[in-house]
Amino acid sequence: MLDSFLSGAAFGSALAATGIYQPTVILSQMKFENWHMVQTFLTGSAASTLVVTLCQKLGYTHAKPRGHSSLGLFSPLDGNIIGGCLLGIGMTLAGSCPGTVFAQVGAGVHSGIYTLGGSILGGIIWSGFLRSALASLKSKRPQAPPKPENLTIHGALGTSQAVAFIGVEVIFAGAVAAISALRLVKTQGLVGPVLGGFLVAGAQLFSALTRKTLLGTSASFEEFGDYISWLLRGGGDGKPKSYSSIAVVTGMIVGALGLSLACPLPQLLPSVNIETTRLVLGGVLLTLGARMGGGCTSGHGITGISLLSVSSFVSVAAMFAGAFGTAALM
């Protein structure tokens, strides 16, 4: 558990240093006013792809590409699409995501407490009945599982992993450079967005070397939900045994808290007041969307993309589509 806690502390402090945990930074991104979040995300994903590829080749990790999340409705990836959109809506409602919410709580962002409460409630809903209901729906509409080689970008395109890796790195690096050249970033945390992205990748490297596994946060809400559901049933047999993700996110809170105490974190933009009901609803959607889609902005956006997983690219696209669309309507 200590290695999970320390990996979380590294990740939480990296998010706090970048400044992208702040709700105003997230909301300004969804309105296309400030590209701080996307530049950090693209840098972190690109650097993490390099880190994960090397760790896989050297045998430090043996992670498999993310599988497709299917609900049995219209596509083998319908869970990624619908879940990603729900998560994106939650991001815009709460000004948070399933990873940054822990950095918010650690750094003392008041709204993060309500978002976290909503996210835990979402975990209870998921573990209590929605997970089994969706599994039942899927069983009534069975679909052939995708071929293993089609789970990755290079497999689906029929090219080599090296070509796919270089393509992703070039596209992401080009986008990061374009954002800088056009001066689309209006804020900076303790470090700039690019350096912040490298810090996130550093946390990924730390996790790979110490835990032999990669970063992800939304599973913690399912673990919370499983445990609370077990308590509500009166305990007894069937006590959940998995707490590793809870250890990670606890470390994230402590890491962000420690950095905020050591180095006062700058307020990058004027704070925004978000209604409590909106924060809680956003938190619920963050969890339900992440679990429906099999991952979140860290599990898919940082780790899944690093593994060149098709489902992760689809999920991230759906997340931002849901987030941008919601911001346009508000």
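Going from the start of the chain as shown, residues are counted 1 onward.
Glycine too: its Cβ is placed from the backbone N, Cα and C atoms.
Remember, TrEMBL labels are computer predictions, not curated facts.
Pulled from TrEMBL:
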- 40-60: transmembrane segment (TRANSMEM)
- 81-105: transmembrane segment (TRANSMEM)
- 111-130: transmembrane segment (TRANSMEM)
- 151-184: transmembrane segment (TRANSMEM)
- 190-209: transmembrane segment (TRANSMEM)
- 243-262: transmembrane segment (TRANSMEM)
- 302-324: transmembrane segment (TRANSMEM)
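When Cβ distances are compared across the two stretches, the transmembrane segment (81-105) makes contact with the transmembrane segment (243-262), since 3 or more pairs at least 6 residues apart fall below 8 angstroms. The highest tally of CB pairs under 8 A with the transmembrane segment (190-209), across 40-60, 111-130, 243-262, 302-324, is held by 40-60.
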